[in-house]
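Inspection log for the structure reproduced underneath, given as structure tokens.
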Amino acid sequence: MDIIESILDIPVQDPKEEEFSSADLHWTKFGNPEHHDDVALIPYARVDAFIIGECSNVECPTRFHIERGRKRSKGSLKEYKNDEYLEYRLYWCSFGPENYGEGGGILPSRRYRLNTRNRAARPQSMRGCTCHFVVKRLYARPSLALIIYNDRRHVNKSGFVCHGPLDRDAIGPGAKKIPYICSEIQQQTMSMIYLGIPEENVLEKHIEGIQRYCGSNAKVNSLASQYVHKLGMIIKRSTHELDLDDQASIRMWVERNKKSIFFYQDSSEADPFILGIQTEWQLQQMIRFGHRSIMAVDSTFGIKRLKYPLCTLLVFDSRQHALPVAWIITRSFAKPDVSKWMKALLDRARGIDIGWKVSGFLIDDAAAEIDSIRDVFCCPVLFSLWRVRRSWLRNIIKKSSNVEVQREMFKRLGKIVYSIWSGVDSLVALEEFTQDFVDQTSFIEYFKALWMPKIEMWIDMMKTLPLASQEASGAIEAYHVKLKVKLYDDSHLGALQRVDWLVHKLTTELHSSYWLDRYADESDSFQNVKEEYIASTSWHRALRIPDTSIILEDKNQLFAKVLSQKDSNLTHLVWNPGSEFAFCDCEWAMQGNLCKHIIKVNMICKNHQAYQSSMSFQSFREILMNLWRKPMDDSVALDQAVAWTHQMLDQIQKLVELNSANDIGSVVNNLPLKWVSKKGRTFVGRPSSAPSLPSSSKSKPLDAAARKKNRKRKRLSRLR
């Protein structure tokens with residue numbers, strides 16, 4: 001657009017509408033190349049019609065107040081330019097310029113109270129809106145007004161919509177009348193809306209929640225209905241694209257959601273992009289379930305399809321389900337970068353609980369930075385085979401069409417993994433495997449290309465680290481499958497290469513889903529949600545299968561039969577029972593998942609000596625044997641090994657006793673009593689003012705005087 005330097009070249013506009021806005025005018029750039037503004041020239045008599053039209057903005061309805069004004073009398077200027085003013089008024093959106101919202105502040109220059117007759121409903125509703133324009137009644141032509149629009153968008157300094165229907169945090173003009181809504185009720189309502197629950201059901205649960213505080217009231221119900229409807233509109237209109245440029249959009253999201261970020265590093269030539277997300281609720285769950293317990297990681301999700309891979313930190317909740325407590329979006333897995341966000345996460349947890357500590361860290365990738373985990377969290381590292389098992393099974397089923405060949409190949413791979421503690425050369429066994437199944441060209445090519453170059457690294461990891469149980473592996477896999485369903489929806493395939501879409505998806509739908517699951521379980525509400533949550537892992541589904549439904553083949557232990565609970569005429573076959581690499585013919589297992597039938601069969605097999613023990617038990621036994629073999633002579637090293645072993649056995653016995661007990665009271669009653677002196681109980685945690693010295697008869701008068709003087713000082717200090 002050309003820049004006009006003379007006001008005489010700007011045409012006068014007079015729209016036919018009774019009320020008009022900036023959208024009805026043609027704006028001209030007026031000034032010089034260094035400084036110019038968007039201006040329009042209208043009759044001065046139509047200024048009020050313009051202001052009314054601007055106030056009627058559908059997306060951001062508001063009112064404008066006069067922030068500043070000046071006036072001249074006619075004939076006061078002997079010499080003047082064509083754009084000199086007779087009257088000057090600066091109109092500002094009544095939701096600004098002050099910001100009484102979170103992170104805002106009053107203008108430092110504001111030393112007096114402005115006339116608030118035409119401002120927002122109350123000062124507390126100001127949100128730092130930057131929309132403002134100037135109306136100049138021209139000195140040379142008093143019948144005309146020059147409108148200079150400085151900022152047409154109703155946004156704050158960060159560039160976010162700060163009021164109106166598109167504002168996520170908008171309160172509205174009737175905020176004083178809205179009943180008390182605690183964060184729990186608000187999160188419940190938002191979670192239900194994000195999960196697509198009908199508005200009628202959302203409103204019903206919302207009213208039930210607020211009635212606990214306000215009681216039953218028709219007006220309260222009406223306001224609650226408006227609140228739910230408005231919240232639903234805000235969520236439906238919200239978008240992940242805050243800017244067309246993905247990187248700029250993420251910067252804006254980070255600026256707006258600082259409380260949900262524990263680490264952020266923008267990409268540059270020297271540093272890779274790292275975004276660590278953790279909401280306040282996730283932080284609470286990490287402190288609650290992660291303290292003196294195990295944390296796990298689902299690493300490198302979406303490494304092929306997403307712009308940046310997603311790493312999820314998990315804890316195991318009261319039902320031993322995997323609960324996401326942090327998301328890290330980055331492409332860098334180098335030790336310095338991993339240490340950065342791990343230290344930031346640990347510092348955040350210890351900022352709430354200084355004694356917070358993890359007992360173990362479970363990884364699923366042999367290339368993971370173990371040293372960083374040990375340095376930061378100072379805990380043992382365990383290894384889960386769920387990713388290996390899932391990848392091998394999925395590709396065997398995908399690349400081989402013969403079912404008998406599929407289960408034989410999977411059984412052979414399982415035997416190779418099980419043999420790592422028996423002295424068998426795994427590389428030789430794998431070479432024999434590729435030769436025996438050379439006719440399965442598609443799978444063998446895949447296996448040689450992706451697994452053979454790094455198979456030694458994976459085998460060494462299995463040998464050196466304790467292996468995780470089937471329950472833990474199944475819980476991590478259940479989270480992985482749920483994440484995959486949420487993210488890889490067909491309607492979002494075009495957005496997979498945008499980080500802002502991934503962040504939006506994680507912090508809205510996925511976060512809401514897990515929040516509602518935990519809330520339903522702990523409050524015993526939303527029974528259908530609670531039942532689905534309890535049965536969301538294969539381990540808990542396996543517990544529902546009665547032992548009588550399992551039939552073991554006694555002769556060669558080749559397979560086991562599992563009677564279906566839904567259809568009595570249907571029987572599932574589990575080949576290679578007793579092994580984590582068992583093969584089931586059910587639909588869930590044929591998708592590469594660890595199914596409930598395999599877990600239930602393995603539960604039964606552990607009570608029979610004819611079947612091998614689980615890999616996690618074999619790994620644990622091997623670690624204990626190595627610890628026992630470590631001292632070569634009758635030395636202090638032997639004493640240390642015995643002490644460590646007894647300490648581990650004692651902790652395991654207590655853990656087994658706690659998990660197997662039906663009544664926690666029986667466990668508490670069996671704990672040994674620890675007597676503490678009365679003084680110690682009263683003043684526990686309070687440091688003594690001076691070290692105690694042996695008393696003597698001469699020092700008694702001096703001590704009494706000192707105590708009396710000290711009491712006097714304390715009384716004086718309280719009075720001050």
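Heads up, residue numbers simply count up from 1 along the chain you see.
Each Cβ is built from the backbone N, Cα and C atoms, and glycine gets one as well.
Taken from TrEMBL, the feature compositional bias 'Low complexity' covers 687-704.
The feature compositional bias 'Basic residues' is assigned by TrEMBL to 707-720.
Taken from TrEMBL, the feature domain 'SWIM-type' covers 569-606. Below 8 angstroms of C-beta separation, residues 385-386, 389-391, 393-394, 397, 403, 406-407, 410-411, 413-415, 417-418, 470, 473-474, 477, 481, 538-539, 541-545, 547, 549-550, 552, 557-563, 612-615 of the same chain, each at least six residues beyond the ends of the domain 'SWIM-type' (569-606), sit close to that stretch.
Annotation source TrEMBL lists region 'Disordered' at 684-720.
Residues in the domain 'SWIM-type' (569-606) partition by DSSP class (helix H, G, I; strand E, B; coil) as 13 helix, 7 strand, 18 coil.
Mean pLDDT across the domain 'SWIM-type' (569-606) comes to 91 in this model.
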